[in-house]
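Trainee: Below you'll find the structure I mean.
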Amino acid sequence: MSAIPAEESDQLLIRPLGAGQEVGRSCIILEFKGRKIMLDCGIHPGLEGMDALPYIDLIDPAEIDLLLISHFHLDHCGALPWFLQKTSFKGRTFMTHATKAIYRWLLSDYVKVSNISADDMLYTETDLEESMDKIETINFHEVKEVAGIKFWCYHAGHVLGAAMFMIEIAGVKLLYTGDFSRQEDRHLMAAEIPNIKPDILIIESTYGTHIHEKREEREARFCNTVHDIVNRGGRGLIPVFALGRAQELLLILDEYWQNHPELHDIPIYYASSLAKKCMAVYQTYVNAMNDKIRKQININNPFVFKHISNLKSMDHFDDIGPSVVMASPGMMQSGLSRELFESWCTDKRNGVIIAGYCVEGTLAKHIMSEPEEITTMSGQKLPLKMSVDYISFSAHTDYQQTSEFIRALKPPHVILVHGEQNEMARLKAALIREYEDNDEVHIEVHNPRNTEAVTLNFRGEKLAKVMGFLADKKPEQGQRVSGILVKRNFNYHILSPCDLSNYTDLAMSTVKQTQAIPYTGPFNLLYYQLQKLTGDVEELEIQEKPALKVFKNITVIQEPGMVVLEWLANPSNDMYADTVTTVILEVQSNPKIRKGAVQKVSKKLEMHVYSKRLEIMLQDIFGEDCVSVKDGSILSVTVDGKTANINLETRTVECEEGSEDDESLREMVELAAQRLYEALTPVH
C-alpha cells in the first residue's frame, strides 16, 4: 500500500525540540498537510554554545515554511540569528514590531556579555545584523497567509510586544500562547482571550499549579525588602534582563522613591549596556501598552524616570554607601549582575532580590537554596553572606489564570510546554482532575518530552465552492453540476473552463489532433461500415473533398491514397477516434470486406416511395386512424391524444406541445422510420 501524500494526510504532528518538560530553548515544530511551522527558536540560559540550542538536528531546516517568534526573551529567540544565518532555512519569519526592535539590542547584549570563547559563539554581531533583513513584522490581529497557512496574533501580556499566535491550516486552528500573563500590571495589558476557539492549545506551564500572590502584596513586599537593605547601609542588587520585567520594577521603584523623601539621597541605577537604547524603545512603543500608560503619556512619559540613573558599565560606578542597582542578565551567568554579585556577596548588609523565574543550572537558581559559599567566574570560592530574597515578578500565568484561560477556550487538545518536568506533571494532573467529571467538555492533555511527538488526527470535510459562470444560476434539487475542480492550498473550487483564467493562473487550451491513415478503398464503403457501427455519420464536403462527421466530433476527410482524421483532444473524443481508426484499418487490410462490400447505388431514396411505405407500416403498428400526412414532408402519429411528427427528410421525430413527456412513443416511431429507411435503401 502506497504512503498517503503529506498534503492529503489527516495526521497533525507537534514535536518540541526545546521547552518539552523544561524551561528554556523554546522551539516547537508543527506539521500538517505537508506544511511545517517552527514556533520560537530560543537558547537554554543554563547551557553554552551548541549545547544551548534546541534539537535542530532532528529536522531539515529547508523544509520549514514558516517561523513565528512570540517575544524577545532569549529562551524564545536567542537561537534565531544562528538558525537564519547558519542553516538551510529558506522560509519566512515573523514577529511583532516591538519584538523586532528589542530583539536587535537584546541579542547584541547577549553576544557581548557571553563568557565563552569566540569559537564557541553561535553567531556574531554581523550575523545578528544580517538576520534583521530576513525578519518580517506583523501587527496584532492582522491576518497573513504563507504557503496556505493563515495566521494572526493576539496580545500576550508578559513583555512588550509579546504575541500569542493563532494558526489555521486546512480549517484546523491551533493557538500557541508563548509566554503569557492574564494579569494586567503597571505597563502591560493582560493577555487577550481569543474569540475564536482553537482545536489545539499549546500553552506554557512555567508555574504549574502555583498561585501567584496579589500584585499589591508582591509590590509592597518588594519595596519593603529594598527599603530594609538600604536602611541597614547595604547595597541592593536586582538581577534582571535588560528588557521586560526590568521596566515594571523601575516603574515601581521610581514611584516608591517619589513617595519616600528620606530615600532621595540613595541612588538607583539601571545597569545595562543597553539601558539607553532599551528605554528609547519603550518610550516609542507606549501604544502597545495598557490604557493607564497610554493616558499618562499625554501628560508625561512614565519611562522618563526621576530617581533612576543609567549605568553603562562598572567603570562609571562610584560604589560608595547604600544604593540599589538593577543589572542584567537576570540569571547572573555573566555580565554586570555577576560582577556586582561577586563583589557584594561577602557583606551581610547587602542583599540580592531574585525577581524573575530562574532556570536550573544558573547561579540565580543556585543561590535560592542559600548555599554557604559560591564559585566565582574565575573559580574562586567566596562565602555567601548577603541576604537572598525571591519575589517573583515573572509575568507568567499561575494555575488560576491557566485554568480560566482553558475553560474559556475549551480546546479538545491541550499541549503543555515550557515547564519543569514536575511542575508540568502536576499541572497536567490538575487539569485532568478538573475535567474528568465534566460530560460536556472533553479535553485531552499532553506533556511531551523534547523530541517526542504528539500525533493527532483531524479529518476535515472537503467543501468545494462553485464560482464564476457556474454560480450565476441557483441550482435545482437533483441537478448535476460539472466543471473543473481546482485546489488552491486547502480550498477547493469548481469552475467552468471559461473561468479558469479569471480565478486561477491556469489557461484553457485545446489540442487539435490530426492523424493520416493509408486508405485506397472506396470512400462510400467507409461511410457504410461506419454507419453500421454508429448510425451517427454525416456526409460533408470540406474544401471540395468528400468528408464524414462521425460521433459528431470526428472528421474523416478523403485525400489521395489516404484519409485524414481530425478531432479536438479529450478523453471521449480520443476514444471515438480510436474506434474510427480501427474501422478504417480493418476495411483497408481485409479483402473480404471489400469483395463482399455492399455499395450504395443511390445516395437518396425516392421520397414518395419511402413516405407511402412508412405510412402503411405505421398504420399496421398503430391503426389506420392514427396516421396522417402533413404537407408532403411530415407524417403524424397520434396515440391516446399524444402526437409525434416525423420529418421524412431527416427521419427525426418530435412530439407536439403537451406530448413532450411521452418519450416511449417518440422512440418507437423513430426506430421504425430508421429501420424502414435502411431496409429500403437500394443496394446491389
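Every residue gets a Cβ built from N, Cα and C, even glycine.
According to Swiss-Prot, the active site, proton donor annotation covers His396. For His71, His73, His158, Asp179, the entry in Swiss-Prot reads Zn(2+) 1 binding site, with the evidence type similarity to another entry. Per Swiss-Prot, the feature Zn(2+) 2 binding site maps to Asp75, His76, Asp179, His418. Sequence annotations record features per position, and here Swiss-Prot assigns SUMO cross-link to Lys462, Lys465, Lys545 based on similarity to another entry. What Swiss-Prot lists as N-acetylserine is Ser2, and the listing cites similarity to another entry. What Swiss-Prot records for Ser659 is phosphoserine, and it gives similarity to another entry as the kind of evidence. Residues or ranges marked as phosphothreonine by Swiss-Prot on the basis of similarity to another entry: Thr681.
What does the local environment look like for each feature on the list?
Mentor: In the three-state DSSP scheme, His396 (active site, proton donor) falls into the coil class. For His396 (active site, proton donor), the same-chain residues lying six or more positions away in sequence with a CB closer than 8 A to its CB are His158, Asp179, Phe180, Ser181, Glu204, Thr206, Tyr207, Tyr357.
His158 (Zn(2+) 1 binding site) has a Cβ environment of 29 other Cβ atoms inside 10 Å.
Reduced to three states, the DSSP call for Asp75 (Zn(2+) 2 binding site) is helix. Under a cutoff of 8 A between CB atoms, and with a sequence separation of 6+ in the same chain, the neighbours of Asp75 (Zn(2+) 2 binding site) are Ala19, Val23, Gly24, Arg25, Ser26, Gly42, Ile43, His44, Pro45, Val359.
According to DSSP, Lys462 (SUMO cross-link) is assigned to coil rather than to any helix or strand.
Annotation for Lys465 (SUMO cross-link): same-chain Cβ neighbours under 8 Å, separated by at least 6 residues, are Asn491, Tyr492, His493, Ile494.
Of all Cβ atoms in the shown protein chains, 13 besides its own fall within 10 Å of the Cβ of Lys545 (SUMO cross-link).
Classification of Thr681 (phosphothreonine) by DSSP places it in coil, neither helical nor stranded.
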Trainee: Can you name every residue in this chain, apart from His71, His73, His158, Asp179, with its Cβ inside 8 Å of the center of the Cβ atoms of the recorded Zn(2+) 1 site?
Mentor: Ser70, Phe72, His76, Ala156, Val159, Ala162, Gly178, Phe180, Gly244, Ala395
Trainee: Between the recorded positions His73, Lys462, whose Cβ has more other Cβ atoms within 10 Å than any of the rest?
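Mentor: Of the recorded positions His73, Lys462, the most buried by Cβ count within 10 Å is His73.
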Trainee: What is the number of other Cβ atoms found within 10 Å of the Cβ of Thr681 (phosphothreonine)?
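Mentor: Total other Cβ atoms inside 10 Å, all chains included: 17.
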Trainee: Where His73 (Zn(2+) 1 binding site) and Thr681 (phosphothreonine) are concerned, what is their Cα separation in Å, rounded?
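Mentor: Cα-Cα distance, His73 (Zn(2+) 1 binding site) to Thr681 (phosphothreonine): 94 Å.
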Trainee: So which other residues, same chain and not among Asp75, His76, Asp179, His418, have a Cβ within 8 Å of the centroid of the Cβ atoms at the Zn(2+) 2 site?
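Mentor: Other same-chain residues with Cβ inside the cutoff are Ala19, Val23, Gly24, Ser26, Asp40, Gly42, Ser70, His71, His73, Gly178, Glu204, Thr206.
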Trainee: Work through the recorded positions one by one (His71, His76, His418, Lys462, Lys545) and name whichever has its CA nearest to the CA of Thr681 (phosphothreonine).
Mentor: Lys545
Trainee: Tell me the coarse DSSP state (helix, strand, coil) of Lys545 (SUMO cross-link).
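Mentor: In three-state terms, Lys545 (SUMO cross-link) counts as strand.
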Trainee: List the residues of the same chain that sit at least 6 positions away from His418 (Zn(2+) 2 binding site) in sequence and have their Cβ under 8 Å from its Cβ, in sequence order, or write 'none'.
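Mentor: In sequence order, the residues whose Cβ lies under 8 Å from that of His418 (Zn(2+) 2 binding site) (at least 6 apart) are Ala19, Val23, Ser26, Asp179, Glu204, Ser205, Thr206.
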